[in-house]
Each structure stands twice: as C-alpha cells, then as structure tokens.
C-alpha cells in the first residue's frame, strides 16, 4: 500500500473555515445555552404584557382571585428570568472559554510543531494571535447565542404589538429589517478596520518584544534612541489604526442606538395616541410603553451583530494564518534502528558550505573550527534539521538514515543541536535544566550540573534549583545562562550532541572545568557510545577532542588533532590561540 504524500498544509487554511468549526465543536452545549438564554429573553418580554393584563383584569375589576393569579404569574416570570439567566450565562461562559482554550492549544501546538512554519510571524504577533485573536474568534459563540435570544424577544414583542394593534406591530416589523439592513452595510468596513487594527497591534507587540529582549546589546552599542524611534513609529501606526476602528465603531454604535431609540419613541408615542383615542385600553398602553422601553435591548443586540461578526472574522483570519501556515519541513515517519549512530554529512551545499562531506563516528568527541563564522552557522543549521529539504543539496545521516526522515520524537533522542544563542524559559533553574527530560533522576541532573559548571549557579541561591528564572533568563548573567543551557543539553543525553561555542561567556577557569566535565559526562562515565561535536575556536575545548576538522571556504581544509594542527598550521594557530 502506497503512503500518501506528506501534507504541506494543515487542514484549517482559511479564515472562513474557523468560525463554522467553532460551532461544530460545541454542537451539544451551545444549543442548550441558546435555549436557556432564549427562555430568559422570552420571559422578560412577557413581563410588560403581564403587567398590562394585571391592570386591565385586576385593577379595573378589583377581583381578588384574578389579582392572586396574575401576581403569581409575575412572580413565576421573575423566577424563570433569574434561573434561566443564571444557568444560561454559566453554560455560555463555559462554552466560550473552553473554545478559546481549545484554539489557544491548537495555536501553541502548531507553533511548536517540529515541522515548523515556512513563514513564521514574529514572537509578539504570535503572542497577540494566541491570546486576543483566539478569544475574539471564540467569542462568536456568545454573539450568536445573544443574537438568537434577542431575535426571540423581538419576535414575541412584535407579536404582542400586532395583537394589541396591527399598525404598531407592522411599524416594528417594517422598521427593524430596514435598520438592520442599513447597519449591515457597514460590516465590510468594520471587518477591514478591525483586521488592520489587530495587525498593527500585533506588529507593535512584536517590536516591543524584540526591543525588550535585546535591551542590553542595544545599550552596549548606544542604539536606544534608534530603537525607541522605531517603536514610536510603529506605535503611531497602531494608534492610527485603533483610532480609525474606534471612530467607525463609534459611528456605528451611535447610529444603532439612535435608530433603535427613535423607533421606541415612535412606538410609545403612537401607543399613547391610540389610548387617547380609545382604540386600546390602559393596560394595553402600559404593555406598549413597557415593550417600547424593552425593545432597544434586543434590537441593539441585533444591530451590533455586524460589528461583532466583523471582529470575529478578522480574528479568525489571524488564527487561520497560523493554523494553516505551510510546513517548513516534511513529515517525519522513519524509525531509527538500534546500533551505531554515526553522524555524517554527504556532499552538503548550503549557504557558504560547498559540497561538504564529513563524519563523526559514534563515541568520538569531534571539534570543528571554521575560519569563516558563516560556515559554522551554516553547519549548525544543517545539523539542526530545521532547513527544508529544498533549501540545500546533499544528505545529513544519523545511523545511515536521513535525519529529516526520522520520526521527530526519535530524532530528539538521536541528535540535539544547542545553538550559541539560546533562551531559557520562565520558571526555575530546575525546570529549565530538565526541560528536555522531565523524568531525569536527581543523580543524573547533579552530574550534568557539575559537568557544565552550573552547580556554581545553583549554589549561589538559597533556593537552589528552585530559584526563579524570568523570561528568557534575563535575571541571570550571560555566563550563567550559557551554563544552564549546556546543563539542559547534557541532561537530555542524546546519542549525538552538537554544541556551538558553548563557553564564550565564561572565564578561563570555568571553561577548563566545563571541558573536563564534558569529556567525563559524555565519554567516560556512560557505557553508551555518545558522539559530541564541538563547533568552536576555543583551544581549551579543542584540546580535549579526539579529532579536529578545519573548514575553509565551506570545505574541509585540514584534519588532525588539536596539537598536530597547532604545530603544522599558522592559520590555525591564529584562529584558536589566545
């Protein structure tokens, strides 16, 4: 049986697919909440009608029995109103919040999918879409439920007015669709401006995130003023977009309230005229006045429907842009067989690399020195498996299996790349160290901390591994972050580990400790044949390597031990000796 080709896109690819799916996923609880909310609105509409009947049939006749009956009717209506409203709101809130949570989980799963995104938005945009847009898209459930209930209330009110006086009912029947139709013509403009406002806010949030994360380097180069100027510019763009949306939203709201208010006044005024003429009774006048005061509520809800739908559609498009983003990498399905797991590059051409072929045999500690930093960066990217197959030529093999074909879970256990610039997560030192292997034993973690010299970082704080770490590890120094990131990579214990300049932010003594610890942890204290690849120019680390490969112009220039290269190559000495 032939395997189907890997999907390049997830199932949800268009904004108009998101909102119907929101309703389908809540097809059981959502209708119940709609029914309860409709009962609430129905009972509330009956209150002025019941009061009118009470006036006509009790006050006029002074019958005690009728007074008790209609009094009980009013009490019953208010009980129904209170109970149905409470149940409806609780259930509807549960439905909306559950759907928003489901959308957020989908977005997070898509963002963290190992296959990546071909066009990945900036972090601030992802944050905005995963929170605000998800909430607004799920909010369509509340909008729809209230709209149905408002329609029920308006329908009951119209029927009551038709019974009292056909002309009154006809006026409402004719005027309501005209008002809603006129307001609905503003929906496209509302959708467009809502989308522009959300997009501009997302860009401003993304830029703010970038600036905060890079604040220290900016201060170092004196770039605060330029960065502040960029943010002010984007903030003004977001402000203008928000102002445009607020302006048109205000006009829409004002027009809606005015139209509904005028209709209510006309209905009440005409009812008063009919009462003076003797066409309707005093009780019917009371009912008409009560209904005219009540009608702006449901009519306002119906009038606001185009605006709410426009906002939900704009948010759904943002959500679908993430959920439907094209995959960067192909789906991984191959199993990694047991046995030796040599890491090999075969004729790799990517960026500055030109037909590079090299091999790191299982169990070896291999050093790679690149005279051009671009070669080192390209090599690390290729080994990370995050470059699409169409982006390079050649093959990356782990245990004779193409790395990008290996199942993602197995690939993480086979080869991990720890880049030079790495982030820590909000939490504790302990949660960061065990992020890649939550089930790691205490002894394993302790040995990894010692090997990376991160035990010094832990001992500095009275709460040890429980010490709090802020966003991206900004509460720690550069050297401390680097050591904790290295400890995290060691705890994960992959078959092959690639480290790119893992000791650039530490002093010479600490670097020597790390070099010894790395050899002990990865190659002496374990029976497994671990492979470690160090992409670095540190002589301290290179001196511990079994073999060193030198790259020049994207190709192998020399292969030997560190000592042999120091003796034989002037260029190598200039590159690594300090």
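Just so it is clear, glycine is given a Cβ too, placed from its N, Cα and C backbone atoms.
Taken from TrEMBL, the feature domain 'ABC transmembrane type-1' covers 32-311.
Look at TrEMBL and you will find 338-578 tagged as domain 'ABC transporter'.
Residues or ranges marked as transmembrane segment in TrEMBL: 28-55 (among others). Away from its own ends, the transmembrane segment (28-55) comes close to residues 67, 70-71, 73-74, 77-78, 80-81, 84-85, 87-88, 91-92, 94-95, 141, 144-146, 148-150, 152-153, 156-157, 160, 282-291, 293-294, 298 of its chain (Cβ-Cβ under 8 Å, at least six residues beyond either end).
The transmembrane segment feature in TrEMBL is assigned to 67-88 (among others).
Annotation comment: TrEMBL describes 137-161 (among others) as transmembrane segment. Away from its own ends, the transmembrane segment (137-161) comes close to residues 18-19, 22-23, 26, 30, 33-34, 37-38, 40-42, 44-46, 49, 88, 92, 95-97, 99-100, 102-103, 168-169, 172-173, 176, 267, 287-288, 291, 294-295, 297-299, 301-302, 305, 308-309, 311-312, 315-316, 319 of its chain (Cβ-Cβ under 8 Å, at least six residues beyond either end).
Long-range neighbours of the transmembrane segment (167-183) within the same chain, counting only residues 6 or more positions beyond its ends whose Cβ lies under 8 Å from a Cβ of the stretch, are 154, 157-161, 252, 255-256, 259-260, 263, 266-267, 270-271, 274, 288, 295, 299, 302-303, 305-306. Annotation comment: TrEMBL describes 167-183 (among others) as transmembrane segment.
What TrEMBL lists as transmembrane segment is 250-273 (among others).
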Sequence-distant contacts of the transmembrane segment (67-88), meaning Cβ under 8 Å and at least 6 residues beyond its ends, amount to 33, 36-37, 39-40, 43-44, 46-47, 50-51, 53-54, 57-58, 145
